[in-house]
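See below for the structure under consideration.
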Amino acid sequence: EGIFAPNLTYRTGPFAATGIPLMDGQKDYMTMLNERDGGIGGVPIMFEECETGYSTEKGVECYERTKANAVVTQPWSTGITLQVLPKTNTDMIPILAPGYGFSPMANGKVFQWAFNPPASYWDAASMIVQDIAAGDLGSLNGKKIALLHLDHPFGKEPIPVLEAMAAEYGFELVLIPVGLKEMQNQSAQWLQIRKERPDNVVMWGWGAMNAGAITEAVKTKYPMDQFIGVWWSGHDADLKQVGEAGKGYKSISWSMPQPDAPLLADLKTHVYDKGMSEAEDTNAVFYQRGLVISMILAEAIAKAQEIHGTGEINAAQLRDGLENLDISEARLEELGMSGMVPPFSTSCDNHTGHSGAWMLEWDGEKFVQASDLLMADAAFIAPLEAEKSAEYAEANAPWPVNESCN
Amino acid sequence: MLDTAPSVSRETGAETLLEVNNVEVIYNHVILVLKGVSLNVPKGGITALLGGNGAGKTTTLKAISNLLHSERGEVTKGSIKYKGEEVQDLDPAKLVKKGVIQVMEGRHCFEHLTVEENLMTGAYTRNDGAGAVAADLEMVYSYFPRLRERRKSQAGYTSGGEQQMCAIGRALMSRPETILLDEPSMGLAPQLVEQIFGIVKAVNEGEGVSFLLAEQNTNVALRFAHYGYILESGRVVMDGPAADLRENPDVKEFYLGVGDEGRKSFRDVRSYRRRKRWLS
Amino acid sequence: MDALTEGYVTEDGRRIGGVLMEMKNITLRFGGVVAIKDISFDIREGEIRAIIGPNGAGKSSMLNVISGFYHPQEGEVWYKGGVRPSMKPFEVARQGVGRTFQNIALFEGMTVLDNVMTGRLTHMKASIWEQAIWWGKAEREEVHNREQVEKIIDFLEIQSIRKTPVGRLPYGLKKRVELARALAAEPSLLLLDEPMAGMNVEEKEDMSRFILDVNDEFGTTIALIEHDMGVVMDLSDRVVVMDYGKKIGDGTPDEVRSNQDVIDAYLGVAHD
Amino acid sequence: MELLNKIFVAPFADMIAAPDFLMQVLWEGLVSGVLYSLIALGFVLIFRSSRIFNFAQGIMVVFAALTLVGLHEMGVPAWISVALTLGVMFLLAVTIERVVLRPLVGQPDIILFMATIGITLFLIGFGEIIFGGENKVMITSELGIPTGDIVLEPFGGLLILQHIDITAVLVAATLVVSLLLFLNKTRMGRAIRALGDDHQAALSVGISLQTIWVLVWFIAGIIALVTGIAWGSRAGVSFALEVIAYKALPVLMLGGLESITGAIIGGLMIGMLEKLFEIYWGAPLLGGNTESWFAYVLALVVLLFRPQGLFGEKIIERV
Amino acid sequence: MLYRTAGQFKTSYRADQALFPIRQDAFLLGLILVCAWVVFPLTASEFTFQTILTPILIYSLAALGLNILTGFAGQLSLGTGAFMGVGAYACYKMITLMPWMNPIIAILLSGVFSAGVGVLFGIPSLRIKGFYLAIATLAAQFFLVWLFEKWAWLYNYNASGAIQVPNLDMFGFYVSGPQASSMTQYYVVLTIVSLLTYLAINLTRGNLGRTWKATRDMDIAAELIGINLMKSKLTAFAVSSYIVGVAGALFVFMWRGAAEPNLFDIPLSFRVLFIAIIGGLGSIMGNYLGAILIVGLPVVLNTVPGWLGIHVESALLEHLNIMIVGSLIIFFLIIEPHGLNQLWRLIREKLIIWPFPH
Ligand SMILES: Nc1ncnc2c1ncn2[C@@H]1O[C@H](COP(=O)(O)OP(=O)(O)OP(=O)(O)O)[C@@H](O)[C@H]1O
Ligand SMILES: Nc1ncnc2c1ncn2[C@@H]1O[C@H](COP(=O)(O)OP(=O)(O)OP(=O)(O)O)[C@@H](O)[C@H]1O
Ligand SMILES: [Mg+2]
Ligand SMILES: [Mg+2]
C-alpha cells in the first residue's frame with residue numbers, strides 16, 4: 001500500500017514541450033523520496049501519471065479514473081481545473097494547482113478544496129507591473145503595456161487585475177491575443193506591437209507560443225529588455241531557439257534553478273544514477289520547478305500525517321495538510337532546497353500563500369536571477385479575489401462555503 | 001443448341017491470342033456473376049461477345065483486363081492466358097504493355113483533359129519516341145476527323161459520340177495488339193455506329209489489331225465480326241462463326257428480332273412476347 | 001390549319017389532342033458552342049413524339065430546356081396554353097413534366113422502392129412534425145402512396161427487385177426503375193432520353209410495351225429520344241429531326257424517313 | 001458615425017500615415033502567404049492525382065522536419081540528413097500507398113479523407129514516440145540558409161526583410177514553376193491529371209496507380225520537407241506545427257483544389273488580406289485574433305461567386 | 001436459425017413499413033433498451049457513467065445529427081463542434097437569464113438556436129458542393145469558436161471566459177451542476193437521446209428522408225424530378241444542427257459541467273465525424289456503434305495494461321493510443337467502408353440465411 005498521488009500530465013500534444021520537463025521534475029522528486037526515505041513518514045508514494053495531452057476531456061477521464069483512491073488531483077491545465085473544481089466539493093478531493101488555475105482559488109473560504117500555492121497569476125501580474133515600474137508605480141502613468149496572451153482561459157487570467165491596475169496607475173493596457181492556431185506564426189501580433197509601440201510587452205504564453213513570440217520579437221527587433229513573460233514563459237528550450245539574440249528577455253518566476261542545491265546531489269545518487277530519470281537538463285528552470293511542485297505536495301502530505309497522526313492519510317486529511325503548509329527558510333534548508341522557492345505558508349483562508357517571486361533574465365545561454373524577491377500587492381489583489389470568488393459561489397449556488405475560516 | 005464446349009476450332013486456324021478458360025467471377029464476395037466462361041480470341045480476328053443486359057459481358061472483359069479489383073470483384077476460378085502466358089494476376093498497366101487494352105463501357109474519357117490530351121494518355125505506356133506517337137495521333141485524327149476539330153475542347157463537354165471516338169482513339173494510341181471493346185455502339189446514331197464499326201474493321205485489317213467486342217447490337221456486331229459467343233446469365237450458351245450465328249433461328253428471333261414471319265413492328269409488342277426456349 | 005388546334009387521329013385510331021407544349025424559336029448557347037439554333041416544334045396531348053438526330057445534335061439539350069435545367073438564351077416555351085416563365089427545374093417537374101436520363105440518374109444508395117417513392121413526393125403533404133411523429137397523416141399518406149407505387153411496380157414487372165439497392169442492378173433494369181420513378185409522379189408529359197440504349201431486341205420490346213401502355217392507359221404524352229430507328233419509326237406519331245442544333249425535319253415517320261436531308265445527315269441509308 | 005469612421009476612414013488614414021509599416025504588413029503577409037501556399041501545394045498534387053483530400057499534409061510537414069533535425073542531432077551532417085529524410089519520406093509514401101490507398105481504391109472521397117486523418121493520428125503518435133514532444137531548433141544555418149536580415153528605410157521609415165523569408169519566397173516560386181511544368185508538359189503530369197478524373201479509365205490505358213501514387217506522395221513529402229524547413233526556421237519544430245494544415249485549407253479552396261496556380265495566388269491573397277484585416281480592422285475593432293477565421297470567410301465569399309474556386313476546374317454538370 | 005424470417009409474412013404495406021419488420025430485430029432492440037434503462041444504471045460505477053455511458057450517448061446523438069446532414073443529405077460538414085457550442089452557449093444563456101426555466105426544456109430549446117445558425121451557414125450549400133462546402137462549415141467552425149471567445153456576453157463576462165454549469169433542480173433532484181448525481185444525468189441524457197433518435201428514425205424513413213437521400217445521391221436528378229433542393233438542403237441543415245445543438249447542450253450540462261470555447265474547436269468536430277463514418281454514413285444505428293468504438297476504445301486501451309499487470313508509461317500509452325486509434329480508423333475503413341452498421345447488416349444477412357452459405 002501507499003499514498004496514491006496521481007498527476008494529470010501532458011507529455012503529448014501541442015504543449016508537450018513545456019510539459020515534459022515539469023512532469024519529469026515532479027516525478028523525480030517523488031521517486032527520490034521513495035528511494036531515499038521509503039516515501040513520506042514511512043509510507044511510499046504511488047506517484048502515477050495519467051496522460052491528458054492537455055485535453056480537458058482526457059483530463060476528466062483521468063480524474064474519474066483516479067479519484068477513487070487518490071488523495072489529490074493535479075489537473076495541470078486551467079480547463080481541467082475549472083471542470084473538476086465543482087466536482088471536488090462533492091468528491092472531497094483537494095486540487096493542487098501550483099502557480100496556475102483560477103486565481104481566486106486563493107480564497108480558501110469559498111474554494112475549500114482548491115490550492116494554488118505558492119503564487120497566483122494575479123500575483124504574477126502585480127509583480128511584473130512592479131518590476132516594469134521599477135518600484136515607482138507612479139511612473140507608469142501614460143505608459144503603454146501590451147499583454148500578448150494565449151486566447152484561452154489561461155491567457156485571460158491576468159486581464160482583470162491588469163485592467164484594474166491600468167485604471168489605478170494610469171497606464172494603457174493593449175490586449176493582443178494569440179489564437180491556438182497562430183502560436184507558430186505571430187507576425188500579425190508583432191506587427192501590431194510595432195504599430196502600437198508599447199513601452200513593454202508582457203507575455204502570457206504557453207507551449208509553442210513562447211518560442212513563436214520570442215523569435216518574432218527578435219525578428220522585429222523589439223527591445224528584449226522590455227519583454228517580460230509569466231512563469232510559464234520562461235522555458236530554457238524556448239530561448240535556446242534564439243540564443244544570444246534573446247538576451248535581456250525576462251520572466252517572472254517563483255522558482256529558481258539551484259544547480260548546487262544539496263537536493264540535486266540526493267537526486268543524483270538516488271535517481272539519476274539508478275537510471276530512473278528521463279530528464280534531459282536538470283538545471284533547467286522548468287525541471288527544477290517540477291521538483292518544487294512535488295516538494296509542496298510532499299510537505300502537505302507530511303503535514304497531514306503529523307496533524308492526523310497517521311501515515312496512510314486520505315484526501316480529506318491531505319486538505320488539512322495543504323491548508324497548513326509552512327515552507328519556511330529553515331525548512332527549505334532542511335530539504336536542501338534553499339533558494340529554489342521563496343518561503344511561504346498557507347492557511348484556511350489563504351490557499352495560495354502569495355510567496356512572491358523573482359525576475360529571471362536570459363543571458364544568452366541560461367536564465368539568471370535579475371531581481372530581488374518581488375511581492376505582489378496583496379492589498380490590491382485581495383478585494384478582487386473576494387469579489388470574483390463570491391461571484392463564482394453565487395453562480396454555482398448552492399455552493400458550500402467553509403464557515404469555519406474567519 | 002447447348003453447345004458450351006470451351007474452344008471450338010476455327011476455320012481461320014489462326015494463332016490464339018487470348019484464351020479464357022472456365023472463368024468464374026464473384027462481386028463483393030457474394031454475387032456470383034460469371035459461372036464458368038470460356039472463350040478464345042484468335043490473332044487478327046474480330047470476336048464478338050453477345051448477350052442481354054447483365055449477361056456478364058462487361059465483367060468478362062474486365063476480368064481479362066484485370067479491372068475488376070477496384071470494383072470489389074475477383075476471379076475465383078479458371079484461367080486467362082494471353083499468348084500462352086497466364087495474365088490474371090498482372091496489373092492492368094502490365095497488360096497494356098503486353099498489348100491488350102480495353103475501351104470501357106460508357107466511354108470514360110478524362111473529363112477535364114482536352115480531347116488531344118486524352119488521346120495522348122493512350123500513349124502513356126509507350127517508349128518508342130515522340131515522333132512515332134505524333135504519327136499515330138495523325139492516324140487517329142485521320143480515322144476520326146471530328147476529333148481533330150474538337151481537339152482543344154475539354155472532353156467533358158463533347159457529345160456522346162465524340163466521347164466514344166475519343167475513347168477508341170485513345171486505345172489506338174497505345175499501339176495495341178488486342179482491343180477489348182465494350183459496347184461501342186451504345187447511344188450512338190445509326191450512321192455513327194456504322195462508321196465506328198467501319199473503323200474497327202479498317203483497323204483490324206489495316207493494322208492487324210485483334211478485337212474482342214462486347215455488344216448488344218447483335219445485328220451490326222455479327223455483320224462485322226468473324227466469330228461470336230453468346231452469353232446468358234454468366235454462361236456461354238452458344239458460339240460459332242458469325243455467319244452461322246446470323247442464320248441461326250434462335251439468334252434471329254431473340255437477338256436480331258426477326259422471327260419466322262420477318263421483322264415485327266414494335267407497335268405490336270403488346271400482343272406477343274418472346275420467350276427464350278433454351279434456358280428456363 | 002384546323003388540325004393544329006383540333007388535334008388529329010392516328011393510324012391506329014388514337015385521338016391526339018391540342019398542343020400541350022410548344023417550343024418557339026429556342027436558341028441555346030454554351031459559351032461559343034451553339035447547341036440549339038432557333039428551333040420550334042410542338043408536342044400534342046396524347047401523342048408520342050420522337051426527337052432524333054446525330055450525336056451532339058442537341059437533343060438532350062432540348063429535353064433539358066423543356067425540363068428547365070437549361071435556360072435558353074432566346075425563345076419561349078409554351079406549356080398548357082401559356083408562356084412558361086423562367087422557373088427552376090423542380091417547379092417544372094411539379095407542373096407535370098417527368099423524365100428519364102440518358103446516363104441513368106437513379107439514386108444509387110436507395111432501394112428500388114425508395115427510388116420510385118421519391119417520384120411521388122410531390123404528392124405527399126405531411127409536415128415535418130407529422131413525419132417525425134409518424135402518426136396519423138404521415139402514416140396514412142405513406143401507406144396510400146405505397147399502394148400507388150406498388151401499382152407501378154407491378155405494371156413494370158419489377159416486383160422481385162423492390163428492396164434491392166439500385167446500385168446492384170444491371171443496366172436494363174435500371175432503365176426500367178427510372179421509368180417507374182418518372183411514372184410515379186403521374187406526369188402529363190413524359191420525357192425519355194434514349195430509353196432503349198444498350199438493350200437487346202427482347203428488352204427493347206419490353207420497353208416499347210411499357211411506353212405504349214403508359215401512353216394508352218394513363219394518356220400520358222411522351223417525348224422520346226432514341227437512336228434505334230426501328231423503335232422510333234414504329235412507336236412515334238411524329239418525329240423532329242435535329243442536326244447540329246438545327247431542325248432539319250419534322251413530320252410523321254414516313255415523311256421523315258423519305259426526307260433527303262434527314263437521310264444525309266442521320267440515317268445514312270434510307271431506313272425500311 | 002464613430003463606428004463608420006473606424007471602419008471606412010481611420011484604417012486607410014493609418015495606412016497612408018505610415019507607408020513603411022503598410023509595406024511591412026504586406027511583406028509579412030506575402031511571406032505567410034507563401035508558406036501557406038507551400039502546404040497547399042502538397043494538397044493540390046495529391047488531390048489532382050487521386051481526389052484525395054490529404055489531411056495528413058500538415059503532419060507530414062512536422063514529420064519531415066523532425067526527421068531532419070533528429071538525424072542531425074544524432075550527428076549526421078546536415079546535407080546527408082536531408083538526403084536521408086527524403087529517403088524516409090519515400091518510404092512513407094510507399095507505405096501509405098501499400099497499406100492505405102491500395103485497399104481503398106475507388107471508395108468515396110470522404111472515406112479517403114477520413115483515412116488521411118487516420119494517417120495523421122498514427123503519425124502523431126508514432127512521431128512523438130520517436131522524436132519526443134520537445135520543441136526543436138531547425139538547423140537553418142547548418143543547411144547554409146542565410147539568417148540575417150535586410151533593413152530598408154522606405155519613406156524614412158523601417159522595413160525589415162529576413163533572409164530566410166526571402167529564401168522561402170524564392171524556393172516557393174521555383175517549386176511552383178517546376179510543378180506547373182511537370183504537370184502540364186510531361187507524360188507523367190498528364191497521367192496524374194488523367195488519374196484524378198477517372199481511376200478506372202486511367203487503369204485501362206495502362207497508367208499504374210501504384211507508381212503514380214507513390215510518386216505523388218513522395219513529391220508531397222519533398223514539399224513537406226521544404227515547408228518544414230521554412231516554418232521550422234521561424235518558430236522551431238514541434239507537433240504544434242501540425243495545425244498549419246488548417247491554414248492551407250482556405251488557400252486551397254480559394255485557389256481551387258486542383259490548381260497549382262490557385263494554390264500560390266490563393267496563398268498570397270489570403271496571407272496579405274488576413275494581415276491587413278487583422279492589423280487595421282480586426283485588432284482595433286473586433287478584439288483581435290481574426291486570423292483564425294478570416295481566411296475561411298474570405299474563401300467562402302469567393303466560392304459563392306465561383307463555386308470551384310478562383311482557378312479550380314469547372315465542375316462539369318450534365319445529365 | 002436464430003434469425004430465421006421464414007413464416008413472418010406481411011399482409012399489408014403498413015405492416016411492411018413497420019419499424020421492425022423482422023421480429024428478431026424488435027427483440028434485440030428491446031434487449032438493448034432494457035440494458036440501457038435498467039441493467040447499466042444498476043451496475044455502473046461512477047467512473048463508467050462519467051467516462052463511458054453518458055459520453056457514448058451524447059456523442060451518438062451528435063453523430064446522429066451530423067449523419068443526417070452528411071450521411072443522409074450528403075452535405076459534408078466539418079463544423080459539428082461549433083454547432084454543439086451554439087447549443088451549449090444558448091442553453092447557458094437561457095438558464096442564466098431565466099433561472100426558473102425547466103432544464104430539460106432549456107436543453108431542448110437550445111437546439112433551436114443552433115438550427116438557426118446551421119441554416120445560416122447552410123445557405124452556401126445551395127451553390128457550393130463537396131469538399132468546397134467543407135469550407136463553409138469550417139468558416140462556421142472557426143468563426144463561431146472565435147465568437148465564443150470574444151463575445152463576453154455569452155459567458156456572462158466571466159473572467160476566465162469559460163462557462164460553468166449551475167446547479168439546477170427538477171422535481172427535487174439536481175439534474176445539472178456539481179450537485180447532480182451521475183445517474184440522474186444519465187437518465188436525462190438517455191431520455192432525450194431516445195426521444196430524438198425515435199424522431200430521427202421516422203424522419204429518415206419517410207418522405208423527407210427520401211428527399212435527403214435523393215439530394216445526396218444525385219442532386220441534379222433530384223431537382224429534375226421535382227425536389228426543391230433549397231428546401232431539402234436547408235431542412236437537413238436545420239434538423240441536423242438542431243440535434244447537434246441539443247447534443248452540445250447535453251455535452252456541457254449533463255456531462256462536462258464547464259466549458260471553454262476551445263472545447264468546441266475542430267478536434268471535437270473530427271471526433272464526431274469519425275463516429276459517424278466509422279459507424280456508417282446514412283445509418284442511425286451506426287452512430288451508436290461508432291460512439292462505442294471511438295469513445296470506449298481509448299478508455300479500454302488505457303485499462304488493458306493495468307489488467308495485464310504491465311506498467312506502461314502514461315505518455316507512451318497515450319502515444320500508442322493515438323497510433324492505435326489512427327490505425328483502427330484506417331482498418332475499419334478498409335474492411336468495411338460503409339461502417340460498422342454495414343458490418344452488422346452483413347452479419348445479420350448471414351444469420352438470416354444461416355446455416356446455408358448462399
Ligand atoms: N460492381 C458490381 N457489384 C455487384 N454486382 C455487379 C457489379 N458489376 C456488375 N454486377 C452485376 O453483374 C452482372 C453482370 O454485369 P455486366 O456488367 O458484366 O453485364 P453486361 O453483360 O455487360 O450487361 P450490359 O449489357 O447491361 O452492359 C449484372 O447482374 C450486374 O448487376
Ligand atoms: N453543359 C454544357 N456545357 C457546354 N456544352 C454543352 C453542355 N451540354 C451540352 N453541350 C454541348 O452541346 C452539344 C449538344 O449536346 P447534347 O448532349 O444535347 O447532344 P445530343 O443530341 O443529346 O447527343 P447524343 O445523342 O450523343 O446524346 C454538344 O456539342 C455538347 O458538347
Ligand atoms: Mg456491359
Ligand atoms: Mg443526348
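Heads up, the Cβ atoms here are built off N, Cα and C, so glycines get one too.
What TrEMBL says about a protein is an automatic prediction, not a curated fact.
If you check TrEMBL, you get these features:
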{"type": "TRANSMEM", "residues": "D:25-45", "note": "transmembrane segment"}
{"type": "TRANSMEM", "residues": "D:52-72", "note": "transmembrane segment"}
{"type": "TRANSMEM", "residues": "D:78-101", "note": "transmembrane segment"}
{"type": "TRANSMEM", "residues": "D:110-131", "note": "transmembrane segment"}
{"type": "TRANSMEM", "residues": "D:160-183", "note": "transmembrane segment"}
{"type": "TRANSMEM", "residues": "D:212-231", "note": "transmembrane segment"}
{"type": "TRANSMEM", "residues": "D:251-273", "note": "transmembrane segment"}
{"type": "TRANSMEM", "residues": "D:293-311", "note": "transmembrane segment"}
Inset, instruction - Could you give the residue numbers and ranges of same-chain residues that sit at least 6 residues beyond the transmembrane segment (D:25-45) on either side and whose C-beta is under 8 angstroms from one of its C-beta atoms? - result: 53-54, 57-58, 60-61, 159, 161-162, 165, 168-169, 172, 175-176, 179, 192, 216, 219-220, 223-224, 226-227, 230-231, 244-245, 247-248, 251-252, 255, 257-260, 262-264, 266-276, 279
Legend entry - Contact set, same chain, for the transmembrane segment (D:212-231): CB under 8 Å, 6 or more residues outside the stretch: 35, 38-39, 41-43, 45-46, 48-50, 54, 57, 60-66, 68, 82, 85-86, 89-90, 92-94, 96-97, 101, 138, 140, 143, 145, 164, 167-168, 171-172, 175, 179, 188, 191-192, 195, 237, 241, 244
Legend entry - Among D:78-101, D:110-131, D:160-183, D:251-273, D:293-311, stretch most in contact with the transmembrane segment (D:52-72) (C-beta, under 8 angstroms): D:110-131
Legend entry - Residues from the same chain, set at least six apart from the ends of the transmembrane segment (D:78-101), whose C-beta lies under 8 A from its own: 50, 52, 60, 63-64, 67-68, 71-72, 112, 115, 118-119, 139, 142-144, 210, 213-218, 220-222, 224-225
Legend entry - Distal contacts, the transmembrane segment (D:293-311) - CB-CB under 8 A, six or more residues away: 247, 249-257, 259, 261-262, 265-266, 269-270, 273-274, 277-278, 282
Inset, instruction - Sort out the residues at least 6 away from either end of the transmembrane segment (D:110-131), same chain, that have Cβ-Cβ distances under 8 Å to it, and list them. - result: 50-56, 58-60, 62-63, 66-67, 70, 96, 100-101, 104, 239, 242
